Amino acid sequence: MDLDDEGSNFELKEIQTLSGHTDRVWSLAWNPATGTDDAQPVIASCSGDKTVRIWERSALTRSWDCKAVLEETHTRTVRSCTWSPSGKLLATASFDATTAIWENVGGDFQCVSTLEGHENEVKSVSWNASESLLATCSRDKTVWIWEVMPGNEFECASVLQGHTQDVKMVKWHPTMDILFSCSYDNTIKVWAEDDTGDWHCIQTIGESSNGHSSTVWAISFNAGGDKMVTCSDDLTLKVWEADIEGMRSGNDQVLWKHLSTLSGYHDRTIFSVHWSREGIIASGAADDAIRFFVESKDSVVLNSLILNFSLLMDWKTTVVVIPVAMILFLYCIFIV
């Protein structure tokens, strides 16, 4: 797929609607260990119906089937789900203030651990790249870091207090043990561990640093981990660039700088954003639209490369699986 043709070769086609949940679908996650010649793609979905569903594509019919329903563990809405990097474990975060860890044992998914400690709804959960740490965040304004121990045991390593409002999402950097959190307080916080093993906020990205002016809902990184995109209730997407060497050396100076603001494309809250490995940014909002952006590097001002992001195409959808050349994008629309 040639992204330089401004979308001329960019085609979307709905494959299938996945039905089964009886309430809104809040989150979907691809199993990273699937989708190869040896393993058909697998996704997890979680819902206000208190369940998690595991879907797998049939090698024979190419249709998606529900292979398992994980239930009777969470007592309220399951807000977030994410697979571990190895694809062996699934973490689910719930409004019941717990996070459940699931393992596929002989074809059956079993809850092997339940993480308790948050005082209110758990909104998001994220694994680090080495699968040694798990992060959760909550309406109680805190971020918890859990250390993964032998035997599927999890021990709280740190409780991070810095946000002044509901924390909407946590996201680990794709290659380093740097944690990001975004919040109803309009900020993004960057957390890192010091030499003594204590975790600290090393940067706060707010409106004064070209950040968002309202709730920040989601964060996603490009494949290289040197850029991230955020979305907000302020109807904008913002693109940031990292000082990677500074991060590796523990430099406490500003680690992320603002590169670009994408505005005027959505007219209601932007709840979700994802940066694909192939360089496409997909955003989804309460205006029932998914919009795709591609980066262009045509503009040079004052000998500095200015990154421009052009709209690749619009698409209005409900819950579907769609192909983009060799890529599969997945998205769900929900009402908060």
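Including glycine, each Cβ sits where the backbone N, Cα and C put it.
Just so it is clear, the model here is predicted, and its values are computed rather than measured.
Features reported for this protein in TrEMBL:
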- 18-56: repeat 'WD' (REPEAT)
- 71-103: repeat 'WD' (REPEAT)
- 115-148: repeat 'WD' (REPEAT)
- 160-191: repeat 'WD' (REPEAT)
- 209-241: repeat 'WD' (REPEAT)
- 315-334: transmembrane segment (TRANSMEM)
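In the predicted model, residues of the repeat 'WD' (115-148) average a pLDDT of 98.
Nonlocal intrachain contacts for the repeat 'WD' (115-148), taken as residues 6+ away from its ends with a CB within less than 8 angstroms of a stretch CB, comprise 76-77, 79-86, 89, 91-101, 154-177, 179, 181, 183, 191, 199. Under DSSP, residues within the repeat 'WD' (71-103) fall into helix, strand and coil as 0 helix, 18 strand, 15 coil. Across the repeat 'WD' (160-191), DSSP assigns 0 helix, 17 strand, 15 coil.
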